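These notes concern the structure reproduced below.
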Amino acid sequence: MATILDGKAHADRMLEAVRLGVEARKAGGLRAPGLAVVLVGDDPASQVYVRNKSAACAKVGITSLEHRLPAETPQAELDALIDRLNADPEVDGILVQLPLPKGLDSKRALHRISPTKDVDGFHPVNQGLLLEGLPGLRPCTPSACMSLLAHHGVDLKGLRAVVLGRSEIVGKPMALMLLEQHATVTIAHSRTRDLPAVCREADLLVAAVGRPGLVEGSWIKPGAVVVDVGINRIEDEALGARIFAAEPKKLETLRAKGAVLCGDVRFGEAMQVASAVTPVPGGVGPLTIAGLLTNTLQAANG
Ligand code: NAD
């Protein structure tokens, strides 16, 4: 049986480090870091994320400033808000919650955020710094995954890592961070030929795809470390019966509640083959917010 890599416990450690950093700033006569969160429209999932971010800020002493705009906000108005936040000396970090409603250009909004306040690490300047291996604000999800791997003593040097997914938010930056730590990295994606064979080469498999239960136990090299970034809500019982074959309790929950969250990896199957696996929920999810607040403190400290 694999070890479960507890993301919640590691997120708590990261948040405690941020809390101490905020206290140290205040002890030095500086104000608490300020994080501005911009939420456009009323997407229910985004509202939950924003609420969770504000609650986490409160726990560590970061001031969170929410800006809610209606879904029909014109781009120019969003631009103007970002400009104001860029110029506001009380704001250290700016986060524009994605996805933006139809009609708004998210790339344009993200590129407008000052790179020094870009706590999501999505600005091309920060992505460029990462590419060059220089310090900057790095995307929260992959940097928190790296922190989790470091905490568990996973030696990345020379290890075969496969990153499934090539998004700017997770897949690509994760691959760069692993490369920086001297892993031998393959990025696989929707067009990769013979995905199971590619995955089977991985000593470390990171799945960031958004396809529930895509990665089967037979795709995993015995003893591999598996990081499951995917967060998928499934309601389909037939799908559940397939992907939870080795997790009867999860299938029961799906039947009882009508929906469950699951990752891109079949957790029950992975537990029988891998040496360590992150669960969903309770794995990478909580780490992402911890990464965001770590970045906010970093942005405040300059
Ligand atoms: P995305 O849709 O931007 O990218 C998905 C990637 O997966 C693409 O590069 C695509 O090529 C690849 N892909 C799609 N279908 C595939 C297939 N059948 N086989 C192989 N590759 C395939 O997604 P994203 O923003 O990177 O997010 C990926 C997943 O991670 C989602 O489930 C998302 O909800 C989750 N996520 C979780 C956190 C967290 O905090 N845990 C943060 C960000 C994203």
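Every residue gets a Cβ built from N, Cα and C, even glycine.
The domain 'Tetrahydrofolate dehydrogenase/cyclohydrolase catalytic' annotation in TrEMBL covers 5-120.
Residues or ranges marked as domain 'Tetrahydrofolate dehydrogenase/cyclohydrolase NAD(P)-binding' in TrEMBL: 139-301.
Sequence annotations record features per position, and here TrEMBL assigns NADP(+) binding site to GLY165, ARG166, SER167, ILE231. In the three-state DSSP reading, SER167 (NADP(+) binding site) counts as coil. SER167 (NADP(+) binding site) has a Cβ environment of 16 other Cβ atoms inside 10 Å.
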### Summary
DSSP assigns the residues of the domain 'Tetrahydrofolate dehydrogenase/cyclohydrolase catalytic' (5-120) as 61 helix, 19 strand, 36 coil
#### Entry: Cβ neighbours within the same chain of GLY165 (NADP(+) binding site) - under 8 Å, at least six residues apart
GLY171, ALA188, HIS189, VAL206, ALA207, ALA208, VAL209, GLY210, VAL229
#### Entry: Cβ neighbours within the same chain of ILE231 (NADP(+) binding site) - under 8 Å, at least six residues apart
LEU261, GLY263, VAL280, PRO281, VAL284, GLY285
